[in-house]
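Engineer: Below is a structure I'd like to ask you about.
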Amino acid sequence: MGGAVVDDGPTGVPAPDGGWGWAVLFGCFVITGFSYAFPKAVSVFFKELIREFGIGYSDTAWISSILLAMLYGTGPLCSVCVNRFGCRPVMLVGGLFASLGMVAASFCSSIIQIYLTTGVLTGLGLALNFQPSLIMLNRYFSKRRPLANGLAAAGSPVFLCALSPLGQLLQDHYGWRGGFLILGGLLLNCCVCAALMRPLELPVRRLLDFSVFRDRGFVIYALAASIMVLGLFVPPVFVVSYAKDMGTPDTQAAFLLTVLGFIDIFARPTAGLITGLRQVRPYSVYLFSFAMFFNSVADLGGSTATDYGGLVVFCVFFGISYGMVGALQFEVLMAIVGTQKFSSAIGLVLLLEAVAVLIGPPSGGKLLDATHVYQYVFILAGAEVLCSSLVLLLGNVFCRGKGPSEPQASEAATAKEELNQPPADGPVDAREVECFLKGELEKNGEATLNPETSV
């Protein structure tokens with residue numbers, strides 16, 4: 001568990017590690033930005049929604065929770081769609097859904113309607129973009145994958161820095177309805193990113209591969225990640241309202257998310273670069289566990305903030321730890337399951353996390369409504385993330401080597417066996433014929449020659 005793997009794509013196509021991959025990386029950067037920044041950025045509209053509909057903090061927190069739950073909970077659906085239709089068509093449809101949801105929300109007359117439009121429809125659209133973009137990134141990068149993951153993950157803080165003040169600006173000039181309408185138009189850029197996702201190969205055969213649950217490393221990762229998201233997204237959702245309740249002006253309160261995002265911008269590529277080092281990459285799972293621990297300490301420290309300066313310090317340390325988590329979470333999953341099973345593994349992990357996402361922010365809102373003390377919310381979030389760090393660390397220490405062999409090894413053996421089988425009916429290319437003939441010669445004990453070895 002946690003070992004890095006450098007492997008080929010699902011059909012033996014080697015990852016380019018560059019070329020058009022940089023365009024794919026840019027598209028993934030934008031999609032990640034929209035997917036993760038949106039649930040936090042809409043929090044700047046919460047005070048206005050509370051006044052408009054006469055609701056509580058826990059009611060508005062459901063907007064972000066439903067967005068994230070759709071982003072995670074539709075993982076298996078995204079996996080099936082990607083394996084059936086390919087990444088590009090799925091992302092194009094997702095971009096349209098995401099935009100339509102925000103446009104429709106601008107005409108809503110109740111909080112329930114906002115749940116269905118901003119939460120369900122926009123959340124589904126972002127999910128249909130987010131997961132396929134990660135799958136494409138994994139297919140285009142192998143040796144440089146940690147760095148590529150870190151750069152793509154930097155889209156989240158970059159967009160958070162932009163969307164939070166933009167949301168406040170739109171609310172001040174056009175109200176929350178006009179702000180939602182304009183944000184819906186911005187989400188059409190997801191369709192542009194979808195056009196960049198040039199496929200390397202035809203869709204893979206299985207629509208959803210449940211065999212990943214036989215790998216203990218995957219099970220431990222899924223359990224730890226599910227516990228982590230209970231508290232991971234809670235502080236960014238409430239930190240703006242926390243500052244406003246201290247008497248901080250709205251614009252200055254929204255600036256906290258900009259501070260968090262600015263630090264996050266540098267933390268994610270740096271974490272990806274460090275993880276890609278030869279000496280570090282085999283131990284990426286331990287680095288991920290440390291990132292969770294660091295995040296929990298930041299949350300607990302944030303609970304002691306008593307003024308705006310204290311919240312700024314909290315946002316700095318939270319931004320560093322959050323960036324580390326963002327850069328490492330999918331890199332570690334890719335290292336555990338390998339390329340062939342990643343499209344199914346990420347869908348199943350996101351589904352498990354969706355339950356926790358639905359519980360996290362609303363439970364924080366309920367606690368806030370009951371106590372009116374923000375410190376308790378931050379303490380609860382820190383305790384949950386700390387628990388996830390211990391699960392990942394201890395599970396890896398005590399279960400490593402006790403489960404089946406590394407999935408990449410068995411995966412490589414399966415791929416080699418498939419290549420050595422006689423080609424099925426239908427068109428084949430020269431590479432498949434060469435691999436088949438080479439395998440037959442090796443089985444018969446004959447030497448195989450190529451221009452390099454025959455000289």
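Every residue gets a Cβ built from N, Cα and C, even glycine.
All TrEMBL annotations are machine predictions without curation.
In case it helps, TrEMBL gives these features for our protein:
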| type | residues | note |
| --- | --- | --- |
| TRANSMEM | 20-39 | transmembrane segment |
| DOMAIN | 21-400 | domain 'Major facilitator superfamily (MFS) profile' |
| TRANSMEM | 60-85 | transmembrane segment |
| TRANSMEM | 97-126 | transmembrane segment |
| TRANSMEM | 147-166 | transmembrane segment |
| TRANSMEM | 178-197 | transmembrane segment |
| TRANSMEM | 218-241 | transmembrane segment |
| TRANSMEM | 253-271 | transmembrane segment |
| TRANSMEM | 283-302 | transmembrane segment |
| TRANSMEM | 308-330 | transmembrane segment |
| TRANSMEM | 342-361 | transmembrane segment |
| TRANSMEM | 373-394 | transmembrane segment |
| REGION | 407-428 | region 'Disordered' |
Engineer: Short question: which residues 6 or more past the ends of the transmembrane segment (97-126) have a Cβ under 8 Å from it?
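Structural biologist: Answer is 31, 34-35, 38, 42, 49, 53, 55, 59-60, 62-63, 65-71, 74, 177-178, 180-181, 183-185, 187-188, 190.
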Engineer: For the transmembrane segment (218-241), which stretch among 20-39, 60-85, 283-302 has the most Cβ pairs under 8 A?
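Structural biologist: Top-ranked stretch among 20-39, 60-85, 283-302: 283-302.
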Engineer: Verify whether three or more Cβ pairs under 8 angstroms connect the transmembrane segment (20-39) with the transmembrane segment (342-361), leaving out any pair fewer than 6 apart in sequence.
Structural biologist: no
Engineer: Which bits of the chain, at least 6 residues beyond where the transmembrane segment (373-394) starts or stops, bring a Cβ under 8 A of a Cβ in it?
Structural biologist: 220-221, 223-228, 230-232, 234-235, 238, 241-242, 245, 285-286, 288-290, 292-293, 295-300, 302-304, 360, 363-364, 367
Engineer: Which whole-number mean pLDDT does the model give the domain 'Major facilitator superfamily (MFS) profile' (21-400)?
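Structural biologist: Averaged over the domain 'Major facilitator superfamily (MFS) profile' (21-400), the predicted model reaches a pLDDT of 86.
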